[in-house]
Ligand code: WT7
């Protein structure tokens with residue numbers, strides 16, 4: 001049982017919660033070591049730590065280590081330690097694609113399932129430190145598999161079920177995983193997703209996998225490859241429910257999660273065991289103020305970091321009841337979220353602006369069919385929320401009663417970094433407001449000069465926090481170069497932000513070549529390399545464009561081979577090609593054929609100009625005199641899509 005939950009249940013301590021938050025912020029700034037020595041107790045340690053913060057962002061002695069001499073087990077923290085106090089409490093409410101298709105799993109039951117599956121993994125030869133790839137629907141077995149890996153010290157790498165066989169193969173190969181867990185099929189919005197078939201296709205490209213465990217979800221007739229594939233339910237049938245948790249060093253890896261960067265292929269973001277769990281538990285409690293009796297629903301998929309931190313680890317480490325949703329917001333109709341909130345009694349609801357905008361467009365009547373009286377707190381994550389969507393979320397969904405926590409963070413940060421207090425009734429629509437205790441944001445100009453007061457600049461974090469990623473799998477130098485070399489001594493987020501006179505932060509979006517599509521990150525370089533892999537494409541440049549529902553859409557400029565002009569059919573073919581190469585989320589929203597791309601004399605593509613054209617802001621394209629051939633610009637403007 002975590003002391004933090006008991007503390008918040010104490011009414012005296014809730015009388016001035018925002019003062020207490022300010023005090024914690026001040027305490028963490030004044031003495032990070034002392035502050036985290038205390039907050040590290042939010043989780044249980046097999047061997048207590050004596051060291052706390054041991055970090056430096058400087059090149060000469062670059063290191064990020066937290067609680068380094070402590071030992072713990074993440075699954076024991078999420079399961080075993082709750083058995084005495086809340087063994088019969090529901091840990092996970094699973095809600096399927098079809099409304100009312102639900103399953104309630106208690107902590108005791110989840111513990112037994114995890115122990116069994118941990119024994120299955122061991123029996124199949126998975127050892128501490130081995131990488132295990134998960135390619136699964138949002139089913140309880142996905143959480144079971146994650147926690148079973150954590151129990152034996154294996155490193156999970158969850159790949160979102162919407163990624164293509166190619167993307168999956170690349171992610172399996174990059175981390176050298178020999179073990180894949182999947183399901184026969186997934187169900188989303190009434191459609192079937194051929195997960196096992198995609199795994200088979202991926203493994204035709206990469207042959208290093210020796211074992212595939214398949215969960216039966218739909219009962220589809222799928223081929224099983226003898227000697228490689230085994231059924232989950234068969235392996236579980238005679239597995240023992242007795243499995244001691246492996247004591248792990250705080251710095252041992254817990255998982256890898258691939259995310260897109262501004263260059264090259266996706267990077268394997270590696271998170272630690274101790275610091276990550278402390279961070280997700282503490283931020284979960286701090287931001288959502290979870291209390292016994294609450295029902296927490298984060299709508300994210302476990303294929304993204306939000307699902308890792310706030311569907312699984314943060315809530316379960318805190319002994320909460322968490323909803324796992326295997327459906328989509330608009331199936332069977334646009335009232336799905338609100339109907340489900342009523343039926344399950346959800347008290348805290350956490351979703352993405354893109355979903356809010358999509359549902360807002362369908363009108364208020366879908367919301368009005370539900371009561372939503374159970375709700376007390378709303379959350380937003382993944383991209384800047386526009387004030388119009390914020391207001392609708394607040395006034396219509398929350399009936400004007402529920403505060404909104406707009407949470408800024410990243411795959412790399414492990415958990416929430418900047419967010420309003422859950423006790424603040426009146427928020428600032430579009431501002432994530434203030435850093436959590438222990439987070440040291442700064443705004444810097446292009447030269448790295450720290451800017452004070454109300455201003456705008458690039459967002460950096462000046463000092464380490466426990467949940468920070470530890471490395472890029474297999475490429476520690478890329479880790480340093482990507483995040484710590486732009487502004488030496490500081491972690492660069494890749495985001496721009498504004499700070500107002502109250503000291504509140506307003507994230508303005510990515511300042512690098514990353515596009516945020518529906519709250520999911522897509523590297524422009526990745527889409528470009530998929531496009532140029534097509535035999536008819538000579539060159540491609542991809543930028544973001546404003547999109548009413550997705551926040552940002554993908555705008556691709558494509559130069560075909562000499563003599564090839566391209567038509568609507570070519571456009572469809574190229575969009576389908578990218579979809580197949582990477583996955584549906586990478587499909588270009590607009591694709592313009594460009595006889596040539598605007599380049600400097602040294603051959604560098606001027607993305608600034610392409611971005612402006614994509615945005616439709618063609619009146620002021622800035623200085624184009626440095627272009628090798630300025631005339632291409634007028635042509636691109638003339639044929640702009642939109
Ligand atoms: C990028 C990180 C955070 C987990 C899900 C996405 C953008 C995220 C907000 C917010 C404005 C936000 C940033 C960030 N972002 N939350 N509340 N307000 N922007 O994780 O895929 O790693 O993407 O999402 O641009 O850098 P991710």
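Cβ atoms are placed via backbone N, Cα and C, with glycine included.
The compositional bias 'Basic and acidic residues' annotation in TrEMBL covers 7-26.
Taking the domain 'Acetyl-coenzyme A synthetase N-terminal' (25-78) as a whole, pLDDT averages 98 in the prediction. The domain 'Acetyl-coenzyme A synthetase N-terminal' annotation in TrEMBL covers 25-78.
The domain 'AMP-binding enzyme C-terminal' annotation in TrEMBL covers 526-604.
Sequence annotations record features per position, and here TrEMBL assigns Mg(2+) binding site to 532, 534, 537. Annotation for residue 537 (Mg(2+) binding site): spatial neighbours 531, 558, 559, 560, 561, 574, criterion Cβ-Cβ under 8 Å with sequence separation of six or more. According to its DSSP assignment, residue 537 (Mg(2+) binding site) is in a strand.
The N6-acetyllysine annotation in TrEMBL covers 604. Contacts of residue 604 (N6-acetyllysine) defined by a Cβ separation under 8 A and a same-chain sequence distance of 6+ are given as none.
Reduced to three states, the DSSP call for residue 532 (Mg(2+) binding site) is helix. The secondary structure of residue 604 (N6-acetyllysine), as reduced to three states from DSSP, is coil rather than helix or strand. Ranking the binding-site residues 532, 534 by how many other Cβ atoms lie within 10 angstroms of each Cβ puts 532 at the bottom.
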